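Novice: One structure, pasted below without further comment.
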Amino acid sequence: MAAHETDTIHKDDSSQASSRHANSIKSSSETDSLLSPVTATSTPNYKSTSTFPDVESAQNVQAENETTGRVTKSAAIIISLLLIGVFISYADGTLVLATYGTIASEFRALGDASWLTTSYSLAMCAVQPLTGKISDIYGRKPVLLISYGFFVIGCVLTGLSQAMWQTVMGRVVAGMGGAGMSVMVSVLIVDLVPLIHVAAWRSYVNVVGTIGRSIGGPLGGLSFIGQGPLMLFAIVLVAYKLPTRSLSDEPIHADDGPSRLRRIDFVGAFMLTGTIAAFLAALSLAGQALPWSHPIVIGLLLGSVLLGAVFVSYEIKVATEPIFPPALAIQRDVAASYAINALQLGAQVGMMYSVPLYFRVTQGSSNTTAGLHLFPAVFGNTTGGLLAGWLISRIGTVVGVALCAGVQNSALGEALGGLGLDDSVVRKVMSDVGSVKDLHGNIRLQVIEAYVKSLEASHAVSVGLSALAFLVSLVVREKKIM
């Protein structure tokens, strides 16, 4: 009875604190500086209490950095070491984009090629919120090292796989590691860098990531196992240089484990994963294995919507420490920023999914040549990121692959069906992109034309997502950092 009352009081206090935080955010003016006293006092401190001796010292470090506006030498060194992991993870992304057609074709499963990227993204979506919460409880360093380990294991499993499902499982394990690799860099930048310089340092991370993307595409034939030694080197550097728990921290007792784990919203993470997985499964099956009107496809889409609604309700009414605080989700600027990021990322990655395939089909390009055609996109992304970071620091203002792949596969199947080809030829063309070069005469030209038309549909989706992201950006209110 006493334990129940304690839990109830704790939850009520958390709810009241969340309500006060939401009200304090609403009370701030649109033109208030993000470093103003109102904002500073109303914004909770998300620094890990395992990285600093106590919350007060963490606040003092942040306050000192924001007051002086300087980035310490040790902070710069630590962030620079983390860029090795950023480089490898981004190179891994374009390596997959440049080779997914070849990999899937070797397993006679070109129609399932999108799962090589969506499985990685799904694992990231499931693990990333938990990674942030676990790092708040146990510290940044152990979470980052474990994430590196998962990424290495995933790359090795992918490189040694003998079947498509094994490759996908390897990508899932790598995605679990990639979640921590990406989120920990962002968290540590916020921990160590004054707010006015966060955008600039994020742009530096983007530059390193773009270099990785640029190299990953041309080296598309490189084995996934080849990333292992570089990641092991990164693990050694992080283990040596990243600060561990301070000696003045409170010791962790044997009974602290269960109490700390209860703070992690595993139920919410499971429902979020189920929501995304059902949606991706519907997109993967529809238009290829099954028609859009098939009960399984409709059931998966409805299940995704229903589970998503249950997830939102659980996070608001039940979860003590939700993986995504409802007080943030209802803020217009926060929701709009997340929507813009999701839409633009969907448009960009959807485009990068189709470009290598286009050159593989129409020109018979190798993986290296097809990957080189991704360079203009990543170069433009870097230029835009650097420019945005510079402007913000000076002025002070601040699902796509699966969707495009589903549309492209649907359009390709429809286009090939209208050519009157033998069913065995259609199945071979849709399962192995390399089989196109084995065709001859008019049939080969017709198949290439069908591929091009299907890719046009994919590009239309990317353009639509970009346009929608632009419209959403119009509702974001401007706030000055200083």
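Cβ from N, Cα, C; glycine included.
TrEMBL does not curate its annotations; it predicts them automatically.
Values in this document were obtained by computation on a predicted structure and should not be read as measured data.
These came from TrEMBL, pasted as-is:
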COMPBIAS  1-14  compositional bias 'Basic and acidic residues'
COMPBIAS  15-66  compositional bias 'Polar residues'
DOMAIN    78-482  domain 'Major facilitator superfamily (MFS) profile'
REGION    1-66  region 'Disordered'
TRANSMEM  75-101  transmembrane segment
TRANSMEM  143-160  transmembrane segment
TRANSMEM  172-199  transmembrane segment
TRANSMEM  219-240  transmembrane segment
TRANSMEM  266-286  transmembrane segment
TRANSMEM  292-314  transmembrane segment
TRANSMEM  335-359  transmembrane segment
TRANSMEM  457-476  transmembrane segment
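A description of the local structural setting of each listed feature is requested, covering burial, neighbours and distances.
Specialist: The list of residues near the transmembrane segment (143-160) in space but at least 6 beyond its ends in sequence, with Cβ under 8 angstroms from a Cβ of it, reads 82, 85, 88-89, 92, 131, 134-135, 166-167, 169-181, 184, 223-228, 231-232, 234-235, 238-239, 242.
Below 8 angstroms of C-beta separation, residues 267-268, 271-272, 274-276, 278-279, 281-282, 285-286, 410 of the same chain, each at least six residues beyond the ends of the transmembrane segment (292-314), sit close to that stretch.
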Novice: For the transmembrane segment (266-286), what are the same-chain contacts with Cβ under 8 Å, counting residues 6+ beyond its ends?
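Specialist: The answer is 112, 114-115, 118, 122, 125-127, 129-130, 292, 294, 296-297, 300-301, 303-304, 307-308, 310-311, 314-315, 318-319, 322-324, 399, 402-403, 405-406, 410.
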Novice: When the pLDDT values for the domain 'Major facilitator superfamily (MFS) profile' (78-482) are averaged, what is the result?
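Specialist: Mean pLDDT across the domain 'Major facilitator superfamily (MFS) profile' (78-482) comes out at 71.
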